[in-house]
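Contents: one structure, followed by commentary.
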């Protein structure tokens with residue numbers, strides 16, 4: 001089997017006879033597995049030679065092609081899927097199937113060569129166009145192509161693919177596959193089908209369209225294709241339209257494609273097959289088989305996939321082979337590899353078993369026990385060696401101490417291991433930027449002078465804690481005397497040793513400020529930082545790692561507070577623990593005010609990466625308060641928007657049409673002079689409230705009563721603060737955006753123009769690519785909200801350690817090293833691993849204790865569930881169980897109502 005001409009893939013089975021008897025779907029699933037393709041439902045297999053497609057000769061050539069073209073490529077959630085769509089567009093351009101005017105063709109080709117050779121360099125670009133043919137009569141458009149290419153500087157291949165699809169989807173022939181036909185008068189026409197309905201073309205000009213909502217029935221009789229319309233008094237058409245096609249087979253093929261398009265784009269779920277009649281059959285039994293588009297989108301959104309980078313050059317961008325669509329050359333017997341559909345031999349069917357290619361290739365696509373693998377699972381996490389038996393667990397419990405103080409000390413050990421790994425990330429960043437000439441000297445001296453001493457100190461501290469825990473657990477004879485069953489003395493000694501480093505900790509915030517200044521001044525350094533953040537070791541934003549030493553002091557304070565609360569006053573470790581608590585409390589009090597300010601700056605810098613259309617988000621005096629999803633009432637009805645509340649302005653955004661899925665600002669509401677009122681009765685929308693500003697009024701609705709109360713409470717507080725303080729001006733947005741729009745005007749501006757090809761060149765801002773699982777994106781997908789108080793609580797409640805994990809339908813328990821931070825669980829095989837194997841964002845999840853009906857007959861088990869996703873986690877003691885429940889609840893339950901405004905110094 002050859003894919004994209006430049007690569008090949010061979011699929012072998014244990015029994016060649018079974019391969020000969022396999023259906024086309026089996027082959028299709030194997031191809032999706034080979035490509036690690038999650039959204040395979042948009043694709044299918046097609047006979048290359050349609051003249052021989054019914055003969056099924058011994059050597060058959062099939063193509064892997066796009067089968068369903070969605071109206072908006074933002075609905076394609078995976079970069080690999082968009083890349084395969086881009087390959088299809090390139091092929092359609094080259095063979096003349098996708099026709100357009102010269103400007104559009106030149107613009108399309110400019111994005112193609114940008115993805116292949118990178119930024120514009122005149123001689124290289126010209127030579128590349130001379131060596132490769134992308135469109136018919138390319139020489140005449142070479143200068144225009146190069147002009148457009150010069151404007152694409154900075155675009156990554158993924159961004160170029162996105163822009164290619166953005167331009168292509170606006171073209172009239174996008175996704176159109178013409179089927180020759182004639183009308184009743186014998187005029188030559190062509191029929192096609194799209195997500196909207198059946199289309200009629202004369203040449204390459206669309207002359208009519210029959211929307212699915214107007215079509216009552218599609219049928220065929222011999223060579224006649226019939227469209228039965230719903231009665232319409234305002235229409236001049238007959239109730240039944242008739243088209244004559246070349247043969248009955250051609251007619252049936254087009255009818256099947258129409259049935260599949262209608263089901264894929266219009267239905268919520270796969271149609272159920274009709275029961276077979278006992279005696280006589282009437283009509284075709286053909287039905288769409290596979291997931292609908294809604295099911296595909298919901299599946300990908302709801303599943304926590306571990307993203308796997310793909311090699312686009314391996315898939316076919318070498319030596320000009322991008323002009324060919326995905327090609328599969330098969331040598332198969334004539335026993336019916338392809339399905340009954342002559343054009344598309346296999347729909348994608350139920351491809352959820354092929355999650356990012358993690359599942360082993362099997363002939364019929366099922367695991368041995370018939371269950372689909374969890375989207376959170378990776379091959380390393382599924383290693384049988386990590387499964388721990390119950391007997392081993394019981395033996396360990398009997399051998400190790402059960403005192404609560406021991407588990408408090410063990411929490412110090414496990415979190416110190418994670419903290420040291422986080423410091424290693426910063427030191428590796430030093431190595432990455434320290435050797436580069438673009439790094440200014442102030443930044444080098446700030447980071448190097450502050451982090452190196454801390455890393456050395458905490459390396460020694462970790463060794464002492466590990467040694468003390470080894471003695472405590474009885475791995476030597478020292479435990480007999482009881483001298484080492486304590487930890488307060490170790491903490492007191494090292495916290496006193498940390499005092500000389502206070503100067504470094506007090507200047508720690510300078511590293512964050514210096515890094516931001518340097519990135520603004522140097523494009524090269526900004527790229528270096530972006531590339532470093534995309535590495536696996538940098539599992540959270542870099543500026544969070546920079547603030548880790550300040551947060552770690554708070555964790556020491558909490559651990560010592562729990563120790564002092566547990567110990568009686570007469571305990572041998574009580575005095576040292578109390579003295580250590582006094583020392584660390586003094587340090588935390590000195591750094592508290594600066595820490596709160598830097599947490600706010602860090603959050604503003606992180607939001608800046610998620611927003612498009614904001615010029616000066618990070619300004620002195622601006623404080624972040626809350627972000628989350630609300631439904632905004634406009635001329636189109638209720639539309640999902642992401643709102644960002646600051647102490648001077650409220651922004652509302654939607655997820656932008658960019659490869660990085662950033663949020664585009666649609667408007668701003670200054671808080672000075674604003675009023676807010678409940679308006680559920682006024683508009684008849686549950687949980688609605690109205691924001692009345694000086695120039696604009698906006699009606700929004702929350703998803704629940706509690707969400708509405710949180711928003712209204714914080715907005716009222718922010719309005720009071722804006723009215724009583726001289727904070728920053730709320731002139732945030734670029735001059736091209738205005739905020740005095742009526743709801744109708746707003747909806748019109750947000751609507752997309754079908755013909756605005758120029759907009760597609762500028763709609764993709766030159767923003768750095770970033771992860772799609774940031775807090776903002778999780779809130780968007782799960783329709784929830786988070787406040788700055790929640791972020792502060794999450795920072796205080798970081799935790800790490802070993803847990804046993806079990807899926808809903810699995811039997812064994814897996815031992816994993818789990819780290820909780822930034823509202824997410826990160827999963828490692830062991831604590832020595834440098835980067836997580838998978839992650840689970842917790843916003844929207846609920847944490848409970850399993851019920852009797854779930855048959856989890858183990859101690860210290862808690863359950864995480866969100867919609868159909870259920871995970872069980874098992875801890876080793878009552879203390880660790882309570883701690884995991886506490887920290888996870890801090891991420892799944894809003895902390896806004898658990899703190900007063902005085903306690904959160906943020907407001």
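Glycine is no exception: its Cβ is also placed from the backbone N, Cα and C atoms.
Record features (TrEMBL):
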- 341-355: compositional bias 'Polar residues' (COMPBIAS)
- 730-741: compositional bias 'Polar residues' (COMPBIAS)
- 747-757: compositional bias 'Acidic residues' (COMPBIAS)
- 1-269: domain 'FERM' (DOMAIN)
- 404-594: domain 'DH' (DOMAIN)
- 623-720: domain 'PH' (DOMAIN)
- 796-893: domain 'PH' (DOMAIN)
- 341-395: region 'Disordered' (REGION)
- 730-770: region 'Disordered' (REGION)
Stretch in 1-269, 404-594, 796-893 most in contact with the domain 'PH' (623-720), if contact is a CB pair under 8 A: 1-269
Reported mean pLDDT - the domain 'PH' (623-720): 87
For the domain 'PH' (796-893), the number of residues DSSP places in helix, strand and coil: 19 helix, 41 strand, 38 coil
Number of helical, extended and coil residues in the domain 'PH' (623-720), per DSSP: 20 helix, 50 strand, 28 coil
